[in-house]
Amino acid sequence: MTVFKNERLSWLPYIAIVILLHVIGFSFLWIAGKDHHILFGMGILAYTLGLRHAFDADHIAAIDNTVRKLLQQRKDPSGVGFYFSIGHSSVVFLMAVFLGVSVKWAKDELPHFQDIGGTIGTLVSGFFLVLIGVLNLIILISLINLFAKLRREHIEEAEVDALLESRGLVSRFVGPYFKLITRSWHVLPLGFLFGLGFDTASEIALLALSSGASQQAISFIGILSLPILFASGMSLLDTLDGVVMKYAYNWAFFNPIRKIYYNITITAISVMAALVIGMIELLQILADKLDLHGAFWAFIGSIEFDYLGYILVALFLITWLISSLIWKFGRIEHKWSR
């Protein structure tokens with residue numbers, strides 16, 4: 001029995017919206033691309049950039065941590081990935097609209113906004129992930145203590161739930177916003193803040209300018225198709241990430257022993273992911289703004305996040321699989337229940 005036995009298909013509306021985004025994006029691309037064939041290649045590139053950006057390390061860590069938090073509160077997290085990606089991609093869309101009405105302004109000011117926005121977005125992402133990592137570290141210690149207590153004495157499931165939910169009290173130390181995330185849609189503003197780094201927005205915007213034609217070479221619908229396709233690709237994988245993590249975590253909520261056992265495993269991964277990614281982001285900003293040199297800072301600056309997100313996805317899924325196998329063949333539930 002899962003936590004959300006009556007909400008098995010709660011993810012369907014989000015998938016339907018993602019499909020609608022695909023239909024709109026590719027329809028706009030087809031309409032505008034009939035007159036400018038080069039737009040087809042640009043549209044596919046925009047969609048690919050969206051797919052790739054969904055695997056950014058900060059996306060994966062933020063979505064998976066929020067899914068786990070909502071499940072602990074017995075809230076449905078099916079839309080976490082969807083709303084995060086919509087908030088993030090809305091920055092791209094707004095930038096494309098501005099480009100559509102004022103191409104010259106974008107050409108003159110975009111580099112400046114890219115620098116400022118990139119700093120803001122990275123700082124928000126880094127601080128948020130470090131705070132989440134510290135919170136999860138405290139949670140991990142409490143879980144280990146609770147698991148040891150469960151081996152020594154019998155604990156009712158209601159008591160376990162109360163202990164798990166009481167960990168939320170720690171959230172008062174990490175600022176007011178994370179406490180306010182009690183529904184899937186609450187992560188939409190967070191996704192927007194993460195998106196304020198105009199690196200991805202500028203990629204899509206510059207695609208609209210890369211044809212080398214005059215300002216009227218690509219229609220407004222053609223320009224709009226690029227951020228919509230970008231959002232389609234990113235929302236597809238982010239939504240699937242949130243849904244997959246929901247059902248992976250639901251395995252852990254079958255009984256008290258399994259619940260604590262799995263939470264120890266996945267929380268340890270969450271701590272590592274959030275702290276490592278958050279600290280690297282903040283250290284890279286520090287090194288850049290203070291012009292720091294040396295072997296350590298050179299190593300920090302050389303770290304690329306392009307493949308780290310893929311590793312995190314695999315790590316979460318492998319952790320869930322290994323936990324299931326150890327649980328089954330190690331007979332942990334039987335040993336702890338005696």
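From the backbone N, Cα and C atoms, a Cβ is placed for every residue, glycine too.
The transmembrane segment annotation in Swiss-Prot covers 11-31, 37-57, 79-99, 127-147, 187-207, 217-237, 266-286, 307-327.
The transmembrane segment (127-147) and the transmembrane segment (11-31) are not in contact, since fewer than 3 Cβ pairs between them lie under 8 Å (pairs 6 or more apart in sequence). Scored on C-beta pairs under 8 angstroms, the neighbour of the transmembrane segment (79-99) with the top count among 11-31, 217-237, 266-286 is 217-237.
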